[in-house]
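Starting off with a structure, shown below.
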Amino acid sequence: MGTPEFPDLGKHCSVDVCKQIDFLPFTCDRCLQVFCLDHRSYIKHTCPKGDREDVTVVICPLCAKGVRLNPNEDPNITWEKHVNTDCDPSNYEKATKKKKCPVPRCKEQLTFSNTIKCRDCNIDHCLKHRFGPDHSCPGPRKLPFMGFLSSSSSRKEAKTTRPNKASASTSSSSSTSRWSNLLSSAEAGISRLGNDISQKLQFSSSSSNDGIIEVCPQCGAKFSSVTSLVEHVEKTHERNKKQIHGKVTVDVCPKCSRGFRDPVDLVNHIERDHRGTSKA
């Protein structure tokens with residue numbers, strides 16, 4: 001066997017009838033013996049360990065369940081164990097009976113390819129009755145906690161709609177007082193906002209004219225010229241003096257601190273002595 005150059009080349013087949021020399025032999029992975037090309041399979045050389053890893057399942061005719069046979073155990077013992085423990089004859093109809101479409105008068109059998117589950121009712125139907133109007137779908141199911149929330153909200157509304165007469169009168173009076181307070185505060189805020197806006201507009205208009213700003217010594221309003229300041233004093237402060245009887249006001253020059261009872265005299269003093277500007 002072999003050649004002088006390769007003495008280990010080739011082996012005899014392990015089958016007694018064959019014993020053929022094969023230069024590319026096959027080793028069985030179960031019995032670990034060497035075989036030729038013709039006897040390499042488990043069946044050809046009747047391998048004693050060929051069925052150790054094979055899986056054999058037998059369908060029970062009573063319950064239609066699969067029973068696995070163990071290679072190291074007698075099939076009759078395995079069958080007796082199944083009959084005494086797992087066999088349930090009532091499961092035979094469920095396993096063998098084919099499922100049909102639940103729509104009345106529909107005889108279509110539901111298989112893997114023609115079955116569609118409705119998204120609202122979660123029931124399997126055939127392709128013909130897959131839409132909701134075709135199988136009279138009741139719609140999605142309501143969650144239990146939604147009913148609890150609705151009942152609790154209705155209870156709260158019932159409690160709020162049944163107040164006492166005394167509480168209703170007190171609540172109405174308190175609400176009216178709150179509204180009056182809100183209206184008064186809103187009116188005061190609007191008047192303050194109007195005064196601030198008028199002062200800012202006067203300041204912006206005066207600052208845009210040659211940079212000369214005249215300031216009223218009584219209210220602090222700013223003007224771009226002396227004439228506008230005089231008009232302001234005559235319109236606003238003279239009227240206030242006429243309305244308030246017996247009260248004498250003195251206007252002070254912002255540059256020399258000289259006092260004047262008449263604002264016109266103060267303006268003439270500023271034009272004559274301070275060259276027409278009241279800036280210090």
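Including glycine, each Cβ sits where the backbone N, Cα and C put it.
Sharing the features that TrEMBL gives for it:
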- 7-55: domain 'AN1-type' (DOMAIN)
- 95-145: domain 'AN1-type' (DOMAIN)
- 151-178: region 'Disordered' (REGION)
- 166-178: compositional bias 'Low complexity' (COMPBIAS)
- 214-242: domain 'C2H2-type' (DOMAIN)
- 251-279: domain 'C2H2-type' (DOMAIN)
When DSSP states are grouped into helix, strand and coil, how many residues of the domain 'C2H2-type' (251-279) land in each?
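So the domain 'C2H2-type' (251-279) is made up of 11 helix, 4 strand, 14 coil.
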Could you put numbers on the helix, strand and coil content of the domain 'AN1-type' (7-55), residue by residue per DSSP?
0 helix, 8 strand, 41 coil
Could you tell me the mean pLDDT the prediction assigns to the domain 'AN1-type' (95-145)?
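Per the prediction, mean pLDDT sits at 84 for the domain 'AN1-type' (95-145).
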